[in-house]
Amino acid sequence: MEKWTLMTITVLLALTVRWTVSLGSYSGAGKPPMYGDYEAQRHWQEVTYNLPIRQWYFNTSDNNLLYWGLDYPPLTAYHSFLCAYVAKLINPDWIALHTSRGYESQSHKLFMRTTVFVADLLIYIPAVILYCCSLKETSTKKKVSSALCILLYPGLILIDHGHFQYNSVSLGFALWGVLCLSYDWDLLGSVAFCLALNYKQMELYHSLPFFCYLLGKCFKKGLKGKGLLLLIKLAGTVVASFAVCWLPFCTDVEQIMQVLRRLFPIDRGLFEDKVANIWCSLSVLIKIKNVISPQTQLKLSFAVTFLSLLPTCIKLTVQPSLRGFKLALVSCALSFFLFSFQVHEKSILLVSVPVCLIINEIPFMATWFLLVSTFSMLPLLLKDGLLLAYAVTMLAFLSACVASFAIFEKTSAKDLQLKPFSLSLRGYITWFKPFPKIVRNLFLLSVTLMGVLSVMSAAMHPPQRFPDLFPVSVSSISCLHFLFFLVYFNVIILWDSKNSRNQKKVS
């Protein structure tokens, strides 16, 4: 009873923070002609409600794809239609074809903010609470602390409730998938992840860990018996889930191909804006877009991403475990973010939410990563007028993590799960004894650097010769952090002997 009381208080606090952030500005407010992501979501409601399904993804006189054309999978379109249906009942002007373009009012802002709030409340927050309650060998206090820190993660709050998007829907479905797999409900977990993937195609970042973990379970059970039966069931479940989601678009091949072209527009280039990945950071020194052809860029990014994913995926397939699965979600998503094609700064959320899942296991490194991930989106947040919300939520999150997990006391090699790695190097490297102090100092240096750059970005004008000095500095420093974290998580995965004896074994 005490656990659920504390969880209820945690949820109410999380909802209060979200609603407070939503009272501020949003993406593109009062900035014609394109406005921002807020207008994109409103426009999709206009399109899906007023046009037949066969026109949703096609360029027509009523659907100019250059003006926020729909470029997400069918479930996003259905969600837009559902929101539009409610909007029509309240005020038809909000989604009137053509005339509603750029519509802005306080009542409409309240409606749009409420749709995100409801999506969070129905999909993401229940998944977080149930996941934390399902943690084994964990005290009630630690379960509540985990839920509090996850729900106070500033990155997702600022993007969904500040900037304005519905990332909590796809990420929530993915969490439901993880939760189901933790109970060996493999078919339900597959359905949940298919829903996530059919809401946002960026969930491909998580697809290989799901695939490798389930394939590894089939191998463990034996592909001549129960394993083969499970594989057939999983394949049938995935095909059926996709068929249901895509059914209205299966009238002809051209419909399907047009949706796919909208989902994967390779002509947009290697990266957009100042994203904290390797290609954007390297472009400071080498103008990759000018030196290499678009097709070569695509092949290069694919090759590097694949190679960086390979060790983790092989380990997970050969030794499937829930612990290894969660770590693989982090590592693979981070590889996609750093090396893949057409990455947006907001895609770091696809790494951050899996990191949230291990905050109770590695609180120090998880907290550090989640702070850096939010910092990496600073240029976008400043553009949207979210400086105050950014500062307050970052401090609140850090305070919650310090109070809940005493993170500065958990910096030993054992606490950071580097014990097997340290033992293998003890004969060659002598700095493991002062390791905790080194890590704490690096963390403090990192936080100080992020704080200074945040203040400079908000309060100072860059030199005329270098107008992008602050955004480039933010993205480059964040990228260096992410490369460090990629190495760290891969070391844990590859040196983790049999994915820890205490973990649940896959029979």
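Every residue, even glycine, has its Cβ placed from backbone N, Cα and C.
Please treat TrEMBL annotations as automatic predictions, because they have not gone through curation.
These features come from TrEMBL:
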type: SIGNAL; residues: 1-24; note: signal peptide
type: TRANSMEM; residues: 110-132; note: transmembrane segment
type: TRANSMEM; residues: 144-161; note: transmembrane segment
type: TRANSMEM; residues: 173-197; note: transmembrane segment
type: TRANSMEM; residues: 227-249; note: transmembrane segment
type: TRANSMEM; residues: 324-341; note: transmembrane segment
type: TRANSMEM; residues: 348-375; note: transmembrane segment
type: TRANSMEM; residues: 387-408; note: transmembrane segment
type: TRANSMEM; residues: 442-460; note: transmembrane segment
type: TRANSMEM; residues: 472-495; note: transmembrane segment
Same-chain residues at least 6 beyond the ends of the transmembrane segment (173-197) whose Cβ lies under 8 Å from its Cβ atoms:
73, 75, 123-124, 127-128, 130-131, 134, 203-204, 206-207, 210, 213-214, 217, 230, 233-234, 237-238, 241-242, 245, 322, 325-326, 329, 353, 357
Interface present between the transmembrane segment (227-249) and the transmembrane segment (144-161) (three or more C-beta pairs under 8 A)
no
Per Cβ pairs under 8 Å, the stretch of 110-132, 227-249, 324-341, 387-408, 472-495 packing most closely against the transmembrane segment (442-460)
472-495
Counting only residues 6+ away from its ends, which parts of the chain sit with a Cβ under 8 Å from the transmembrane segment (227-249)?
53, 57, 73-75, 186-187, 190-191, 194-195, 198, 214-215, 217-221, 255-256, 259
Cβ-based contact of the transmembrane segment (324-341) with the transmembrane segment (110-132), 3 or more pairs under 8 Å:
no
